[in-house]
């Protein structure tokens, strides 16, 4: 059943009790119309101020939780309309001091009617326009639409379509690539500023001072990271909501590694071990720095691929990547997969141990990396799962969490961990057959006649042969 939206042009705050009653009928809450409009005298302003607590507690005391949630959702939608719509007073310049006569600025309300399950639905769109009239033509207007703050909020918070989700994914991917590139360039800068090992020996560290050096430990840590990455790509490949998950992954990785850039650049710690043999690397020009940064970026900063960096401490990039992979695998696989979850957590902690055993980072680097990565993951997903409720109750959330608001507003919240085969064989076979038909040469009419005549002659010969056999 489609729901109708009120057709009055009055703003909701100017509604009377009768208008509220009509609105409840339109939204499918006719059983509460008398309770709202007659018993409690709720007008438009009072309706916009209602909360879920008001509906649950006396004197309203609505007992059906589903109706309470639906009414609050409809009121929140009404508040959104009230903030940017329903003002149909056109303001046009007429004073001599104002812009020319062929230029008008107005607040417009446009209504479009659609039929949904037999109901006529009116959708109200309000926006500011600049209308410029070309005097030389017959009343032809050129309109430039001005996006206000409310328009931007409405577009961002509108429900995600497939094309909108793809655009968000592309933006998140570019954001992640840019963040990793900046991280690589900052690593080049801090390598040129690494303190001299003779002047600044390794700092005292409670764990490193009591843990003997294992030369091959750091390579084992990176191999664990490769295994976790392989597991995660398999999960992502078969997950039904892979587009949303990739968007969240890219935005998280980009944000955490941007934070790492700040911590690396602000303070340069001394090298944690004498075995590293790190010295400040000088570059002749900017192009050499960019080449080295591209080398780090393209090899993902992994020593098993020939990348060697110094000075990138406070906090550990390897710990960040491995922790995020572990949390992503745990979050986007069913809760009943205990063996996989236990294995990824064990690999995560073993990777941290091998980082420390290789004396590649201080203990504080690993601790801060694990804490920031896990907190950012939890905060982002907590916001993603409750973004609609948070922004409807406090508009400042959009300012406090701009990245999460942009990527998650209008999203699906918590996702069901469902899996599917991403490549549909039926469509591929159909596409191949269609391509073959398109590439094959067309059959001419003369060829068709020849084929049919030849077929008829062959069938006649067969009939004659059969008759000859029966006679014999």
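Cβ atoms here come from the backbone N, Cα and C positions, even for glycine.
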Of the residue ranges 274-294, 295-315, 316-336, 337-357, the one that TrEMBL records as transmembrane segment: 337-357
Stated TrEMBL location of transmembrane segment, expressed as one of 96-117, 118-139, 140-161, 250-271: 250-271
Annotated transmembrane segment segment (source TrEMBL; candidates 44-63, 64-83, 364-383, 384-403): 364-383
Summary of DSSP states over the domain 'SAM' (15-81), given as helix, strand and coil counts: 47 helix, 0 strand, 20 coil
Dominant neighbour of the transmembrane segment (337-357) in 172-194, 214-238, 250-271, 364-383, by Cβ pairs under 8 Å: 214-238
